[in-house]
Amino acid sequence: MADSAVPCSLGPSTRASSTHRDATGTKQTRALKRGDASKRQAELEAAIQRKVEFERKAVRIVEQLLEENITEEFLKECGMFITPAHYSDVVDERSIIKLCGYPLCQKKLGVIPKQKYRISTKTNKVYDITERKSFCSNFCYRASKFFETQIPKTPVWVREEERPPDFQLLKKGQSGSSGEVVQFFRDAVTAADVDGSGALEAQCDPASSSSWSERASDEEEQGFVSSLLPGNRPKAVDTRPQPHTKSSIMRKKAAQNVDSKEGEQTVSEVTEQLDNCRLDSQEKVATCKRPLKKESTQISSPGPLCDRFNTSAISEHKHGVSQVTLVGISKKSAEHFRSKFAKSNPGSGSASGLVHVRPEVAKANLLRVLSDTLTEWKTEETLKFLYGQNHDSVCLKPSSASEPDEELDEDDISCDPGSCGPALSQAQNTLDATLPFRGSDTAIKPLPSYESLKKETEMLNLRVREFYRGRCVLNEDTTKSQDSKESVLQRDPSFPLIDSSSQNQIRRRIVLEKLSKVLPGLLGPLQITMGDIYTELKNLIQTFRLSNRNIIHKPVEWTLIAVVLLLLLTPILGIQKHSPKNVVFTQFIATLLTELHLKFEDLEKLTMIFRTSC
């Protein structure tokens, strides 16, 4: 019992001491937590102040970069204390104050375009010029982008322990870009693109490996579309570098094996052809000559595939196997030239290669078109206007003017029917039997005059009109006795056609407009103006027989037509043949004909058309 009573008496004091110790430990823990919290808060405040200082420094650098005189060393030093976002702010702020966005450039911005995109006809691409508007040139845009990509993207307050980057600046003379390329879609690579010859040319050409920004350095744009004239047109392939796959590598190896086998076969074939060729047989030499030249290029180039393709392409171009001409014209013009060349060279087939019109053929076509046009234009009224009423005595007969003088041969000498043989006399008898008359006994009737034919035509028209009107019936006796003027008065008055509705008036106006564009350059040597010749020219054109086909000509053809008409009108204008004005004009025309690869005899043939009777 005693042993059990002692611990019971000590229990309350022990509990009190343990409670005191717990309270003391709690106070110490709270004190430590308060100290740690204040320390952490101080560290956090220091870190925030440090971040703020770095941000303030970056903002001050942005403000300094808005100035005009910025050196390369200062720009490189600033790159360590700013981020790409700060640099884009520099570009925006400089563009707002009308300065170039590149800090090293001191130029002012000119007229800023309002559009968002720009279409390049040279590279056939669409560029987004939203960022490009902030720069004065493509070089500044690319140099700015080149520097921006080197700026670290990490926060500025953690770069103290990092190694500063070595900034590089774009040098002058390197090309720039027009903006970011807008990718609408991406074409899938097909087997035809891989096997096409265009891909080989793209791989062989070292200039094609340059980036799109270097190819867009030229500021000038081409206003035309390149087109290919008849020939073997290569396929349009995608020249962008494609990733090398396993299948493509296998295809390349197979192609190399095939090329090596073809090379061995080519060597054997050439040796056989050389054995067959002999100096005494010209035909064999001619047959062996062309394939020998064609295949020698394949033997002499055992190098890479690119060199073999280039040499074979050059040899094929020389021998006309695959000749293609690149012309800077539009697609519509290319189709027009194809049709023109096809008409001028009807005998050339599809295998003729390059379409080339010889100067002789072009000259003959030009003279033929002008001769047909002037012949269709000429009327009886034209000859009366140029030479008066007695133009028959001035003009030549069509037979004497059109047919050249030929020398008489022995066969052309007339002979008697008996001496020429029975065959000729029999042929003449059969010819006389088929004719409605025989011999020259029949009297030749005189041709009616132009005035009588004109009067009869007017009377016939009058009779037809009166008959359909039903007003009166004219007998033949009365119509013959009446005068033409009185018959015209009996008809109802008719209003003339409106100029806009008359086809002849429209055609005459078109011809006058075309000639008015060409004549001022030809009237200088004659020292006369367009007003001095306009009345006579208009009266001459009114006598022409114009249609919807003979008034369509090229500028060169209109020039020659104007020269012909001017030569016809010089006597009417009072310019003497041997006057100083006419001599200068003749020299000018001779120079013009030389430029057109024509002769003065060709011009004489054209003017001779108006010196022959209809």
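For all residues, glycine too, the Cβ spot is worked out from N, Cα and C.
Segment annotation: Swiss-Prot labels region 'Disordered' over residues 1-38 (candidates 1-38, 381-418, 457-494). Within the listed segments 41-68, 181-208, 573-600, Swiss-Prot records coiled coil for the stretch 41-68. Take the CB of Cys136 (Zn(2+) binding site) and look out to 10 A: across all protein chains shown you find 17 other CB atoms. Compared over the binding-site residues Cys100, Cys105, the count of CB atoms lying within 10 A of a residue's CB peaks at Cys100. Taken together, the residues in the coiled coil (41-68) have a mean pLDDT of 89 on the 0 to 100 scale. Across the zinc finger (77-160), DSSP classifies residues as 32 helix, 10 strand, 42 coil. Take the mean position of the Cβ atoms of Cys100, Cys105, Cys136, Cys140, the recorded Zn(2+) site; other residues of that chain with a Cβ within 8 Å of it are Leu99, Gly101, Tyr102, Lys107, Leu109, Phe135, Ser137, Phe139.
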